[in-house]
Amino acid sequence: MKKGTVLNADISAVISRLGHTDTLVVCDAGLPVPRSSTRIDMALTQGVPSFMQVLEVVTTEMQVEAAVIAEEIKTHNPQLHATLLTHLEQLQQHQGNTIEIRYTSHEQFKKQTADSQAVIRSGECSPFANIILCAGVTF
C-alpha cells in the first residue's frame, strides 16, 4: 500500500507526471470540464468532499509556484477566498517559495482549464470554488 498522502491513484499519477509550469485544476461540483481534459471526479454528494479538503491533499504532494483564481470569488464567496489565501500563504511558507496569485474573469478561467493536465472535481457547492495550480520545481 502507498505510504504517501494521496491514495487516489488518478490524482497521484497526474501529480507525478507534472512538469514545470504544467497546470492542474481543483474545482467545485459545477465547473464545466472541457472534453479535452482528464476529469478526476471526487464528488460524492453536495459538499463531500469539500473544495478545501481536496486542495489541501493535492498540495501536500504538488509543488506550486502560481495559482489562478476567478476574480468573482472576492465578492461572491469572500469567506472561501480568505480561507484559500490563508492556505496559499501557509503553503508558501512550507515550500519555501513565493506563490504568484493571478486573478482572471470566470469566463477566462473556464477557457484556461482546457490547457490543464487534469481537472479534479470536488463536491463543493459554493460559488467560484475553483483554482488552477501551476507546478513548480523542487530544486
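Heads up, the Cβ atoms here are built off N, Cα and C, so glycines get one too.
Per Swiss-Prot, substrate is bound by H106, F128, A129, N130; the candidate from D28, D41, D115 named for the same site is D28. DSSP classifies H20 (active site, proton donor) as coil under the three-state reduction. DSSP gives A129 (substrate binding site) a coil state; it is part of no helix or strand.
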